[in-house]
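Have a look at the structure below, then the notes.
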Amino acid sequence: MVTLSSNSIFATNRDQESSGFAWWAGNARLINLSGKLLGAHVAHAGLIVFWAGAMTLFELAHFIPEKPMYEQGLILIPHIATLGWGVGPGGEVVDTFPFFVVGVVHLISSAVLGFGGVYHAIRGPETLEEYSSFFGYDWKDKNKMTTILGFHLIVLGIGALLLVAKAMFFGGLYDTWAPGGGDVRVITNPTLDPRVIFGYLLKSPFGGEGWIVSVNNLEDVVGGHIWIGLICIAGGIWHILTTPFGWARRAFIWSGEAYLSYSLGALSMMGFIATCFVWFNNTVYPSEFYGPTGPEASQAQAMTFLIRDQKLGANVGSAQGPTGLGKYLMRSPTGEIIFGGETMRFWDFRGPWLEPLRGPNGLDLNKIKNDIQPWQERRAAEYMTHAPLGSLNSVGGVATEINSVNFVSPRSWLATSHFVLAFFFLVGHLWHAGRARAAAAGFEKGIDRESEPVLSMPSLD
């Protein structure tokens with residue numbers, strides 16, 4: 001026995017005979033039932049938004065304002081704080097009410113989405129063509145598909161511009177680089193120079209270059225969102241008003257499963273990029289909320305021990321370590337003064353607590369001897385003991401302690417989860433792309449289900 005994909009647009013129910021898929025194939029049964037598929041998607045959106053709201057309120061219920069967010073395992077409240085809500089100088093929480101509002105708004109909107117999902121899954125038209133030709137579609141209708149793509153792009157562009165509006169007109173964003181240890185700041189002069197914005201795309205992804213992940217100021221972040229927002233909206237209008245060119249019609253597979261594979265591929269790429277951002281970037285993921293990056297914790301340890309030993313009388317400019325290199329300070333191959341020891345590998349780290357101590361040629365020895373501020377000392381000590389490393393002993397030069405088994409950095413959670421999910425999405429992309437291409441070539445008949453245990457089981461109903 002072979003499970004076939006149904007080519008009929010007139011499928012009227014969701015059993016195996018009419019759809020080609022059994023109940024356990026989930027939404028595959030709804031490929032040609034646009035109304036029911038809409039219900040599944042709206043309900044799914046409701047679940048996502050419900051999780052966001054409920055989890056925000058859960059984090060808030062357990063939140064201790066006196067402790068850093070990253071010490072409490074929080075991943076949602078830090079995102080709200082990064083947008084400038086509820087926090088003040090140094091990332092200190094000054095008002096928890098915005099966190100409550102965000103959670104409740106998500107809960108309420110999830111109820112609306114949930115109702116819409118249930119309605120379209122149970123009561124709404126099976127196919128949207130019954131309701132309106134505007135909302136109806138055929139997977140093979142190339143013009144309709146690119147029109148739908150256009151609407152999606154416009155919504156994405158509006159989303160990007162909402163961040164711009166928050167940054168420029170509605171209170172600003174939290175800027176970890178603000179003088180004195182970070183503060184909420186309105187972005188009045190976003191970077192619009194295309195050479196700067198698109199220059200990030202041309203950078204090497206390695207070392208100190210860091211591709212787009214290397215962005216280290218909010219002017220460039222907001223300017224980039226202005227560019228991408230306008231490009232998405234312009235692209236959306238373009239796709240609504242035009243029909244696909246001949247080369248596009250020939251190059252792409254035009255089927256529901258092909259669109260699924262394209263979407264999974266895009267999500268996979270974004271997941272991998274998000275992994276790099278949350279692991280390495282301390283501008284859009286401020287360390288005050290997410291904890292230090294790995295290189296940051298290592299550099300913070302070098303700074304902490306330098307401060308300690310300098311107070312005890314060590315000459316940090318000339319002391320040698322066990323290898324003959326500088327124990328506290330040394331020169332990089334290109335001549336800059338950098339921290340010595342194992343943290344030399346992270347010589348190109350940049351952080352707001354360290355940059356005031358730099359001069360024209362790396363770390364400034366005079367500033368290190370005479371101008372380290374108490375807030376820099378405190379922050380280095382704090383970051384040293386909160387490295388995003390799951391280990392009980394020294395890793396990469398960071399001396400962790402036995403209690404660190406109770407600390408897992410949000411950067412570790414977010415980077416690992418996004419990497420794993422991005423990988424699964426990549427596999428899904430390849431799987432569905434292969435099936436879509438095979439179906440288009442005319443030799444995809446599905447998987448032989450003869451020995452499938454579920455086929456010998458009684459019906460659920």
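Backbone N, Cα and C atoms are what each Cβ position is placed from, and that goes for glycine too.
Feature annotation from Swiss-Prot assigns topological domain 'Cytoplasmic' to 1-48, 134-155, 254-268, 450-461. Look at Swiss-Prot and you will find 49-71, 112-133, 156-178, 233-253, 269-289, 425-449 tagged as transmembrane segment. Among the features that Swiss-Prot reports, topological domain 'Lumenal' is placed at 72-111, 179-232, 290-424. The [CaMn4O5] cluster binding site annotation in Swiss-Prot covers Glu355.
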> Can you say which of 49-71, 112-133, 156-178, 233-253, 425-449 has the most Cβ pairs under 8 Å with the transmembrane segment (269-289)?
Replying inline: 156-178
>> When secondary structure is assigned with DSSP, how many helix, strand and coil residues does the topological domain 'Cytoplasmic' (134-155) contain?
In response: 14 helix, 0 strand, 8 coil
> Taking all residues of the topological domain 'Cytoplasmic' (1-48) together, what is their mean pLDDT?
Replying inline: 77
> Residues of the same chain, at least six outside the topological domain 'Lumenal' (72-111), with any C-beta under 8 angstroms of its C-beta?
Replying inline: 46-47, 49-50, 52-57, 59-60, 62-65, 166, 171-174, 176, 178, 180-184, 284-286, 288-290, 375, 408, 410, 413-414
> Near the topological domain 'Cytoplasmic' (254-268), which residues from the same chain, at least 6 beyond its ends, have a CB less than 8 A from one of its CBs?
Replying inline: 5, 31, 139-140, 142, 145, 422-423, 425-426, 428-433, 435-437, 439-440
>> What residues elsewhere in the chain lie close to the topological domain 'Cytoplasmic' (134-155), defined as a C-beta under 8 angstroms and at least 6 residues from its ends?
In response: 9, 31, 34, 127-128, 232-233, 235-244, 249, 254-256, 259
> For the topological domain 'Lumenal' (290-424), what does DSSP give as the number of helix, strand and coil residues?
Replying inline: 65 helix, 14 strand, 56 coil
> Which residue counts does DSSP give the topological domain 'Cytoplasmic' (450-461) for helix, strand and coil?
Replying inline: 4 helix, 0 strand, 8 coil
